[in-house]
Amino acid sequence: MALSFSRDRTRPLPFAAEIGALGVVFGDIGTSPLYALKQGVLAVGGTNFLGGDVLGLLSLITWSIILSVTVKYVMLVLRADNDGEGGILALVTLLDLHRSALGMRWYLLAAGLLGAAMLIGDGVLTPAMSVLSAIEGLQVISPELEHWVVTLTVLVLLAVFLSQRLGTERIASFFGPIMLMWFGSLGALGVYGILQAPQVLAGLDPRYGIMLMVNHPGLAGVILGACFLAVTGGEALYADLGHFGRPVIARAWLFVAMPALLLNYFGQGAILLVDPNAVRNPFYDLCPDVFDIPLLFLATAATVIASQSIITGVFSLAKQAIELGYLPPMRIRYTSEHNEQHIYVGRLNWLLMIACIAVVLGFEASDRLASAYGIAVAFAMVTTSILFIAQVHRSWGWPAPAVWAMATGLLTIDFAFASANMTKIHDGGWLPLSIAAAIIFVMVSWRRGLEGVVAQQVRFTEPLDSFVARKDRVNDVEAPRTAIFLSRAGAMTPVALSRMADLLKVRFEKAVIVSVWIAARPRVSVEDRVKVTTLNEGFVRVDLRFGYMQQIDVPSVLGPALSARGIDPDAAIYVIGHERIIPPDEVTKIKDVVAHVFAFLARNAERSVDRFGLPRARTVEIGYPVKL
């Protein structure tokens, strides 16, 4: 039975939505003070930095946050919602690409898939980077505990991933208050540091950032790449738009998250001006010794919440890609009876866990992992800007000069960050790029293979109208019950129906042809979900439409429509086709490799009976070969 999800967003307490947003939206960017400024100082020269270098780094971080997060995401991109949902794939569907010229359509689609793959790849690195940076606080408390850092990080990550299948609905209500405590602590520590060296506030002047780049031309890319770590969580603001909406996210950012982050960065900068040796870990050195242990626990909790948000975001992104036909079906379990956003994708969770732990064991320290971190998000931000600019040009009615001015500003910043992160490739940046490349290859292989299967079905089966009108089936054996056939190509006869008629000479008293369509929007209302067409006395065609964020449960949606026409849905059987993919015997071209990858994915994909929620006891699968 389908779960009934409530989307009531009324809140009994003032600012409850904003506090909730702190726990869901700002986990990634909220934990960046653990490592961002430290990596910037190391990029400049470690303990050999000058006071002006610190002010320059603070200037770059400050204006990166203002321009890349506040202006780009909060003021602009968050306005581009698809029925309330955000994220790269939501932006792709919002563009309605079938209206684009063929060449532009593929460019925009490629940008969207690239960005989605980059964000999924980032899901491997972000939990590792965040938790490892938090646990490294042990080294500040006691250098003798250094050898426990990797072990404890792995244990925390194991706990995070193994708990995913249980769902987080019961404890999610604590995420917001914990993150409120975290941001409050960031701000308080920042003020404490600034009071020790108020001159650090000169770093608000953008000229210090420019001078830093001019004084270190050979390190400009490395420095900018390190400063980018302060804004890597910006994409999450858009991805989580559907949870809270733009006004709530904007208020939480402008009045809580951003002030706390800036205060903490400047507090760390002040400590560095007072004690250059604090470069070993300026975040923990900012804290008075008596609060080190509580801060360690709070930082670990914050990074666990940040990791949870990233994992949930990857699950959501994967579900969108599955429903839009870019990833093979995987079993998706809903872990909440009230919120359709709470899902668990088992196979993906295990893959993420193994990859994440492997990253920790391979890099062992956040300083080394920072060399790989950020490049995937930088490219994802570029693709978001490209798609957003296309949407503004197409649908917002802005004059061309305004669009060009905005495009120039956004892309200048994004390409600067992307170019700076390219310097990380040889030090580990190849890892997220390789993960993203593998994901893109899987997406393309699945999509191409799926199109090939549909093309063969269209080629070798007759139009449904023609099949229904045939007179040569009057002597077939009639089964006195209703059969429901699922069709992938709506206007064509389902292969299962065609094979039963041609090979078994069987026809049913009533045949219901059901096509499931995924709309280019996150949700389809109940009244728009079902369309029934009576073809003749023995055939009924039903088109079911779902949004790409909705649970697909065919019996629960189809049942009332059949009952209204005198058909007992509980007495009907479901007949579905199951393709046995046969790839080429020899691999001589790239398309042959794609065919073999698709065949592997198809063998391991979730079966239709599970994906569509069909009753196993009343479902018949008819297999047939499809040679690619």
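Each position is counted from 1, following the chain as shown.
The backbone N, Cα and C atoms fix where each Cβ goes, and this holds for glycine too.
If you look at the transmembrane segment (15-35), the same-chain residues 6 or more away from its ends with a CB under 8 A from one of its CBs are 9, 69, 126, 129-130, 133-134, 172, 174-180, 182-183, 186, 229-234, 236-237, 240, 243-244, 248-249, 251-253, 255-257, 260-261, 264-265, 268, 283, 299, 302-303, 305-310, 366, 370. If you look up Swiss-Prot, you'll see 15-35 (among others) marked as transmembrane segment.
Sequence annotations record features per position, and here Swiss-Prot assigns transmembrane segment to 49-69 (among others).
Per Swiss-Prot, transmembrane segment is recorded for 106-126 (among others), and the stated evidence type is sequence analysis.
Annotation comment: Swiss-Prot describes 141-161 (among others) as transmembrane segment, evidence class sequence analysis.
Sequence annotations record features per position, and here Swiss-Prot assigns transmembrane segment to 174-194 (among others) based on sequence analysis.
Here Swiss-Prot flags 210-230 (among others) as transmembrane segment.
Feature annotation from Swiss-Prot assigns transmembrane segment to 254-274 (among others).
When Cβ-Cβ distances below 8 Å are used as the criterion, the transmembrane segment (295-315) is approached by residues 23-25, 27-28, 30-31, 34, 119-120, 122-123, 126-127, 130-131, 133-135, 137-138, 141, 156-157, 160-161, 164, 168, 175, 178-179, 181-182, 185, 233, 236, 239-240, 284, 287, 332, 341-345, 348-349, 352 of the same chain, each at least six residues removed from its ends. Annotation source Swiss-Prot lists transmembrane segment at 295-315 (among others), citing sequence analysis.
For 343-363 (among others), the entry in Swiss-Prot reads transmembrane segment.
Taken from Swiss-Prot, the feature transmembrane segment covers 369-389 (among others), and the record attributes it to sequence analysis. Remote same-chain partners of the transmembrane segment (369-389), defined as residues 6 or more beyond its termini with a Cβ less than 8 Å from a stretch Cβ, comprise 35, 39, 68, 72, 76-77, 80, 88, 91-92, 95, 108, 111-112, 114-115, 118-119, 121-122, 125-126, 128-129, 132, 225-226, 228-229, 232, 234-235, 238, 359-360, 363, 403, 406-407, 410-411, 414-415, 417-418, 420-422, 424-425, 427-433, 435-436.
The transmembrane segment annotation in Swiss-Prot covers 398-418 (among others). Sequence-distant contacts of the transmembrane segment (398-418) (same chain, six or more residues past either end, CB-CB distance under 8 Å): 64, 67-68, 72, 76, 224-225, 228, 231, 375, 378-379, 381-382, 385-386, 388-389, 392.
For the transmembrane segment (425-445), the residues of the chain that approach it from at least six positions outside its boundaries are 113-114, 116-118, 120-122, 124-125, 321, 326-327, 355, 359, 363, 368-369, 371-373, 375-376, 379, 594, 597-598, 601, judged by C-beta separation under 8 angstroms. According to Swiss-Prot, the feature transmembrane segment maps to 425-445 (among others), an assignment based on sequence analysis.
Proximity of the transmembrane segment (210-230) to the transmembrane segment (49-69) is established through 3 or more Cβ-Cβ distances under 8 Å for residue pairs spaced 6 or more apart. Looking at 106-126, 254-274, 343-363, the range that has the most CB pairs within less than 8 A of the transmembrane segment (49-69) turns out to be 254-274. Most Cβ pairs under 8 A with the transmembrane segment (106-126) among the ranges 141-161, 174-194, 254-274, 343-363 are made by 343-363. For the transmembrane segment (254-274), the list of distant contacts is 18, 22, 26, 29-30, 32-33, 36-38, 41, 49, 51, 54-55, 57-58, 61-62, 65, 69-70, 74, 180, 183-184, 186-187, 189-201, 203, 230, 282-283, 285-286: same-chain residues at least six beyond its ends, Cβ to Cβ under 8 Å.
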